[in-house]
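> Quick one: the structure is below, questions incoming.
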């Protein structure tokens, strides 16, 4: 059966069930948006200050940086599937604690548990979806990770304003339980089995993921894994192996741009931002519009990533996000210092943030997770994913925490202008440094990186000789 006629419904079905856990992560990520206004209000059963609220938002992401190393070990030793199933436990504990919480301290602990689960999911899920997919749909399946995350965020925007904090947590608890009940019956990655020379199990796994003849594909995967495992991967290989080092710098660069464009702050503080615009539309309604746009655009990204390519989407995304950050910052500047000049322009922030979300969702939101699943050989892929998530966790924490600090000290417009500058700098970086990986096998991507490293070395040698 050829690539053009092969059906991919098994791959999509498996990836959809697997990414229920990233939808769970999305509920945790979006939960502060409808909850913070209540916690800071006079009606709150748990009175919360501005600073405590910022910690409730950011402590989850800070704790997410603690689990990539142990989850990398578990995924390598016990399998990607088993590790993802274990990742549901901290989410369940987190929502149970929110339900019974009577103090800010308990909410902190609940968010810490959610952060531990978040770190596990975003270390292992990109690897699992990347390894169960064929080349033709690998990008689309990898973008499902972010799409389902946005579905979880949208659920918070839609449900949160109409139920109390504990009811929302109880509803959210359903999702990780559903994930465990469905995912436990799905196959492990064939790459994992072949890494330990369990060929029969790998064949059984691949048959559960494909609709046609798998013999040639199984043989190709086996050859690729054997090639990757000739030299056992280690943390040091990411630094001392030139090809891995180049892939690491590219990946870290893309994740840096993803965070410094301000998405973490926009999502977590959505209702707070909208409240400050004095729009006639209720802040929660604007947040729902925002969430719907996120989901719709991520669905579009799933369709585009394997047609248009990774690099064009990222470049378009960075350009659009940079321009909209500048627009939002300028609006808030005039609303603070020249309020009379903005007249009836209260619609500008909502329009700009909607366009921002569209631009972010088609590229920077989804494609970095595709790249981290494609750029590294099997023997170091877990280590790379681990480092990328630790880095992302700390940078996301910094953005969420400092957004409130910068806004309070120098005005919210300063924060958005900073996001704009970083977005446009990121555009230049990706234009220069990022290779295209659309439709390429893992082996072809590695060959491309090796050629780039050889060319860079030759260029340096010529410079020295000159």
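Just so it is clear, glycine is given a Cβ too, placed from its N, Cα and C backbone atoms.
Please treat TrEMBL annotations as automatic predictions, because they have not gone through curation.
What TrEMBL records for this protein is below:
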DOMAIN    1-438  domain 'Major facilitator superfamily (MFS) profile'
TRANSMEM  54-75  transmembrane segment
TRANSMEM  82-101  transmembrane segment
TRANSMEM  107-128  transmembrane segment
TRANSMEM  140-163  transmembrane segment
TRANSMEM  169-194  transmembrane segment
TRANSMEM  247-268  transmembrane segment
TRANSMEM  288-306  transmembrane segment
TRANSMEM  313-334  transmembrane segment
TRANSMEM  346-370  transmembrane segment
TRANSMEM  382-403  transmembrane segment
TRANSMEM  415-434  transmembrane segment
> Counting CB pairs under 8 Å, which listed stretch among 247-268, 288-306, 415-434 touches the transmembrane segment (382-403) the most?
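By Cβ pairs under 8 Å, 247-268 leads among 247-268, 288-306, 415-434.
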> Counting only residues 6 or more past its boundaries, what in the same chain has a CB within less than 8 Å of a CB in the transmembrane segment (346-370)?
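Distant contacts of the transmembrane segment (346-370): 122, 126, 130, 138-139, 142-143, 145-147, 150, 251, 254-255, 257-258, 261, 263, 266, 273-274, 277-281, 286, 289-290, 293-294, 297-298, 300-302, 304-305, 310, 313-321, 324-325, 327-328, 331-332, 437.
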> Residue list, the transmembrane segment (247-268) vs rest of chain: Cβ under 8 Å, 6 or more residues beyond ends.
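The answer is 29-30, 32-33, 57-58, 61, 153, 238-239, 314, 318, 321-322, 325, 353, 356-357, 360, 364-365, 367-368, 371-372, 375-376, 384, 387-388, 391-392, 395-396, 399-400, 403, 415-416, 418-419, 422-423, 425-426, 429-430, 433-435, 449.
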> Which range wins on Cβ pairs under 8 Å with the transmembrane segment (288-306): 54-75, 140-163, 169-194?
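Comparing 54-75, 140-163, 169-194: 140-163 has the most Cβ pairs near the transmembrane segment (288-306).
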> Other than its close neighbours in sequence, what residues sit by the transmembrane segment (107-128), given a CB gap under 8 Å and a spacing of at least six beyond its ends?
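Here the qualifying positions are 18-19, 21-22, 24-25, 28-29, 46, 55-56, 59-68, 71-72, 75, 80-81, 83-84, 86-91, 93-95, 97-98, 101, 142, 145, 176, 189, 369-370, 372-373, 381-382, 385-386, 389, 392-393.
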